Amino acid sequence: MRSRVTVILVAQQGGEWLDQTIAGITAQSLAPTAIIAVNNGGSERVSEQLMASGAERVIGLGTRVPFGQAVAQGVQAAGTPGAEPDTSDWIWLLSEDACPEPAALEHIVSAVQRAPSVVVAGPKLVDWDRPEHIIELGQSLTRYGARWTLRRQELDQQQYDHMQDVLGVGPVGMLVRRDIWEELGGFDPALPVYDDGLDFCVRARLSGHRVEVAPASRVRFAQSGVAGPKIDRRRSVLRSAHRQARTAHLHRRLAYAPAPFAFLAWLGLPLLALFRVLWALIREQPGHMVGEFVSAMSVFFRPHAIIASRRRIRAHNTAGWSALRQLRIDPKSVRTARMIDREAILASTGLQRRELHFISSGGLAVLAAAIVATIALTWWALPRTNITGGGLAPLSNLGQLWWNTRALDGVPADPFAWVLALLGSVTFWNPSHAIVLLLIAAIPLTALGAWIWAAQLTESKAGRALTALGFALSPVLLGSLDAGRLPTLVLTIVLPWLLLAATRCRESWSWAGTASLLAGAALAAAPILLPAAIIIFIVGLFTTLRGAARVLTTALVPLVLFAPKIVTSLIAGRPLDILLDPGLVSTFTPGTTWHLLLGFPEFGLEGWGNILAGAGLGGPPTTLLIGVLMLPIALLAVLGLFTGRVAVTLLSSLLGGLGMLTAIAAAQLQLIVVGNESVALWTGSGLAVYWLAVLSLGAVGAGTLRRAATPIVAVALLGAIVAVLPVSTQLFLGRVPFGPASTQMPALVQAAGETQPGIRTLVVTAEAAHAVRAQIVTGSGLRLDQIRSADRTPEITSADESIAELTGGLASVGGPDLSAELREAGIGFVLLPQSGSDSERAELQRLFDQHDSLVSAGQTEQGLLWRVVEPDAESDAPGDASELVGGTSLSGQTIWVIQLVVLLGVLLLALPTGEVTYRPERRRKPSRWKRRTSAKAAERAAAAASGAAASGAAASGAAASVPGTPATDSEDAAAGAEPDAPLVAVPGTDATESDAPAAEQSPGGEAIDANTADPVIAPDSEAVVEPVVDPDAASSVDPVIVPDPAPDPVVDPTPAAEPAQPTEPTQSTQPTESAGPEAESDQTDGVSR
């Protein structure tokens, strides 16, 4: 059966792309019967360009309409073809940015001729600038009705050339039988951009026909928005394309669903819109939020379009939806393809996930060793659900825990209160249990984080093990574990992950949000690191301006958490209070500079000083011994400093230097007073950063040693373990200052605290001869989340003076009646702990018994207890810090809400969505209009009229209409053709050969001149074909000219005559108007099969 093909070419911008597309059409090895061009709302110059192309008719549309409507106008303007036996009429849909390769039409027509049941066929769409990349090869539907296409990351290696039957194809390059087009009513007007071709193919399938792809037919496609969506790198364009795709998807879902489900789904569109907006926020796609809402609501307010689409489907649904089931894409293929696409996108953007080889590189072995170590060193904490002692105290219940994150009585909460609230929420039924779990998990979690950080620096197994085990068993961590310094444990766990996120924050918003949260947690646990963090932040910000917005985001959480404390400290005139350590204050003696350089925060080197002092050795031998034990790590760090990558060495050096300076400065800052003794800030926070930096350099150094690294790292780790042997022994033997929380206060006080949370207990401890220390505990006992560093001052405040006077009155012989003072302070109990001198305790007991305001409650496990006569349990003692922020305009509630909103927003930003977005590469913009000389215009007109002769290769039956092909002897046979007689395009067999060399072809298929990008005449392709008229077609209205396929062509030695100039076509503004040029059949049309 013969096939007559009419090309419907839609243009709206014109320019270079249209020139190349026209050249591609005229260069087809199988010439189309006719070309109908549609100027879709373009300028007059677009019409002029189309008229110069040789199109039989040019239709001008005043306004721009969807591609489907423009095609419908072109089909209507083509008129009704004459009836002819054994001939089928087809229309080939092209846009100005879709350039077919020379054999595209021949291959796609051959595909439909092989199977008469195929009524729609599509080509392989490839990228305009990179023809080796596939854009689309057929379309399908997923289980939930989403459109599915072959992804653009695929290289065309002919891996899909076996494909035939598909559910649908796109509109670009679609070859559709004309009677089917008219029967189905063309494309659905409700689908102007996306899914118009897919929906048409679905309706064709439902009417009992087949749809195929012709992989050998290739069409270059620029996706400029003439047909289908416009796709380029601009985010606004991508957001618009997403909105259009969602609109089409929702419309099809409602059009395809059964009536009851469609009605319910339509009613639920407003709720779906809100859900999709929230989902876009969670998926870190804020640019899609508006599009999701608009798409759902636009479909909701167009029920008439849904009803019309359903009627259109129902009118031709003879095969049933079961006919489509086998052609849908299965979920497994969807998951596999998306995984491949994700990896391809990550690889193309340089963000491909690095394989850590956790098991084969020793990560699992390191983690197992850390778990063994934590079981050996924290076995005493395993059976406990709460703990107190040292720097630890229980947590409040969950509600009170979060309540204490806000400012109370004008005193801001420490940022560490947020960390405690999150930590306690893990075990919400018993928040204090989370502290016990953190003590147990500190060593493994620190080792895991350090190993993953080291894996970014080196491939050496030994180097990674050195960093992980060295940091997990460092003097800072083990010393903090022994003393119950919870903030330092949090810091050592968070620090490796913080460095990992901070160094990758420019890659994505997820990394930036993660870095911001981790920075907030780390600085909340160690405010002394704020100056170092600011320096690192500035260096990172100005190292490169790429991703500066993401770098700025990392400072968001620390800024919000510390803002109330900063304001309070500045108003009070004590800016250094910002650096105060959170939690309970533990007295310690800072180490010397040499001790700090060796990584030990306290004087005495974690017990080595006492051990060697008992052996008669002084301080210098102890420092020397630890120095020898740490020497291998130091040598590896020096080696890494000189052999590692510049970025790694600079970062590690900066971290190490700032960490050491922070530790030295902390040892000199004595901002807290405990009793009559000033206490320095904790040096372990700076040393944690210093330790990790030194071990990072050591890992890099170990990587340069290759095979020799393993024994050297083993020696270094052995030395580090011996250096912490005294404190490890204390932990192993369970000699720790911790106990269950029930032992913190007597049972009577705890019972009263449960019913009267405001009741207070005065705890008086005999420190030395004629020296006591007084402390007020509220409720059932001290809670870690209730401690606020803003209450601490190095000076003696009025509250301290009143407590001192009250304690002095109780400890004096014949003191006055203090009932009123005790009631005013809200004190209900007085506790005399068992610690201190026995003689001093006995004296205090005797004095307390003499006061009429105290009634003895007897001996308890915590010490002697007295009850205050008729205390006012609800009164609160005045605080010195309550007046500091009294003049601020924002209330504590408002500040807390702002902090909570920011934290939730950054948390959503930090959530790993697993979503990657493909942004197309920058496309070279074509020149829309070029200055065309009269010669080029004449060449183009001659090319349109001359038709195609055979080029150098074996031509298929119909000769290609290549610009500049000389006229053949068939010109005389075509001279008498009717003016409007359409040409018949029939794919043929080998017809001609030429001894002349072919013109050099570009990737698009047209001949390219070296000096210009315009298609030019190929002068060396003069081949003459002897035509033979098919006798079967003699009586037809439309004559079919078929060449003789039997003998080889006879090449005329005489030069061919110049082709006659065709009549200039005129533009038609009415689609039904038949004004057009005469179709000069001066070319070989094809052969019958």
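Note: Cβ is positioned from N, Cα and C throughout, glycine not excepted.
Note that the coordinates shown come from a computational prediction; the quantities given were computed from them, not determined experimentally.
Listed in TrEMBL for this protein:
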COMPBIAS  921-934  compositional bias 'Basic residues'
COMPBIAS  973-982  compositional bias 'Low complexity'
COMPBIAS  1018-1041  compositional bias 'Low complexity'
COMPBIAS  1042-1052  compositional bias 'Pro residues'
COMPBIAS  1053-1074  compositional bias 'Low complexity'
REGION    919-941  region 'Disordered'
REGION    958-1089  region 'Disordered'
TRANSMEM  261-282  transmembrane segment
TRANSMEM  358-382  transmembrane segment
TRANSMEM  434-455  transmembrane segment
TRANSMEM  462-480  transmembrane segment
TRANSMEM  517-542  transmembrane segment
TRANSMEM  548-567  transmembrane segment
TRANSMEM  620-642  transmembrane segment
TRANSMEM  654-673  transmembrane segment
TRANSMEM  679-700  transmembrane segment
TRANSMEM  712-733  transmembrane segment
TRANSMEM  895-918  transmembrane segment
Stretch-level contact, the transmembrane segment (712-733) and the transmembrane segment (654-673), CB cutoff 8 A, at least 3 pairs
no
Per Cβ pairs under 8 Å, the stretch of 358-382, 462-480, 548-567, 654-673 packing most closely against the transmembrane segment (434-455):
358-382
Recorded stretch, among 358-382, 462-480, 517-542, maximising Cβ pairs under 8 Å relative to the transmembrane segment (620-642):
462-480
Contact between the transmembrane segment (654-673) and the transmembrane segment (517-542) is defined here as three or more C-beta pairs under 8 Å separated by at least 6 residues; is that satisfied?
yes
Note: vs the transmembrane segment (679-700), the recorded stretch with the largest number of Cβ pairs under 8 Å from 462-480, 548-567, 654-673 is 654-673
